[in-house]
């Protein structure tokens, strides 16, 4: 998708804020723990290449979702370890090896497919994924884990690490978290040959369960300055959001009593109202359910009226403003502030999703 540089809608990314957030977490965990930056999904909408280049010197490696994301980083000049968290199909192993990309092995069946297809695993670096209770990919049985580690070694692969992922580390109720932690500890202790690198800590675990860190943390949404729990748990120390979203008024008109606005004519003007048009819509990830939410114009909250269209939305203005007046959708303007979590609450979703849905049509400026 082509970024729309010739319209005034843009995302502003503060790379220094991201670096400072990483350092803040590092200051609150033991100094001997490794830090992996999670830059999947285009670094949660912030720009994977730009973010990775900026923080490469202060982290020990990177985590991505799939092989294409990993290759993008390698081609951009990133040299540190890149772990693909998802499953890469056997026929793509040679490509991963050629790019020195570390793969996740989540089942003995995957290894059997490699053997059946005569895939050369020699020199491949892998981490074993353990399903401690998330229910997605990963090994559940200790016997399978031991066989995997043994047979991968015999095949010439290098088993560098083993990891799991917590489902509820961002919740106040620790019951499920403790169950998973116990499962993973028992699994690790039962291995005949445990890999050197053991990691289970995501953003939430690094914030609220730092005492359970093994020897590495995977920093995701916290790196971008967002609370993984939304509003459920207070942050133990400050972090700063790295992304703001802004646009400009491209059209302003006065509508009179009874006039209707937008698809479905869902908004009806009462009295005389100034209505401004902003060039952002659901094709940009600013979804239709944002009707009734507010944005900031001239330091004041202005309601989104009518349905959000594919490319545009309309807002009610307290007075006539000129074309080109700044509109803040996420971020600070004057004394008003709209956070990504505010947007998420309006949509009844999580702040992660808000950022990841911001499409490539919106150019990122650093």
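Including glycine, each Cβ sits where the backbone N, Cα and C put it.
The structure displayed is predicted, hence computed values, not measured ones.
The N6-(pyridoxal phosphate)lysine annotation in Swiss-Prot covers 40, and the record cites sequence analysis as its basis. For 40, 263, the entry in Swiss-Prot reads active site, proton acceptor. Taken from Swiss-Prot, the feature substrate binding site applies to 136, 310, supported by sequence analysis.
It is 26 Å from the Cα atom of residue 310 (substrate binding site) to that of residue 40 (N6-(pyridoxal phosphate)lysine). Rounded to a whole number, the distance between the Cα atoms of residue 40 (N6-(pyridoxal phosphate)lysine) and residue 263 (active site, proton acceptor) is 35 Å. In this view, residue 263 (active site, proton acceptor) is surrounded by 11 other Cβ atoms within 10 Å of its Cβ, with every protein chain counted. Long-range Cβ contacts of residue 40 (N6-(pyridoxal phosphate)lysine) within its own chain (separation 6+, distance under 8 Å): 48, 63, 64, 65, 66, 69, 85.
Shown in sequence order, 165 are the residues of the chain, 6+ apart in sequence, with a C-beta less than 8 angstroms from the C-beta of residue 136 (substrate binding site).
In this structure, residue 136 (substrate binding site) belongs to neither helix nor strand by DSSP; it is coil. In the structure as shown, the Cβ atom of residue 310 (substrate binding site) sits within 10 Å of 11 other Cβ atoms.
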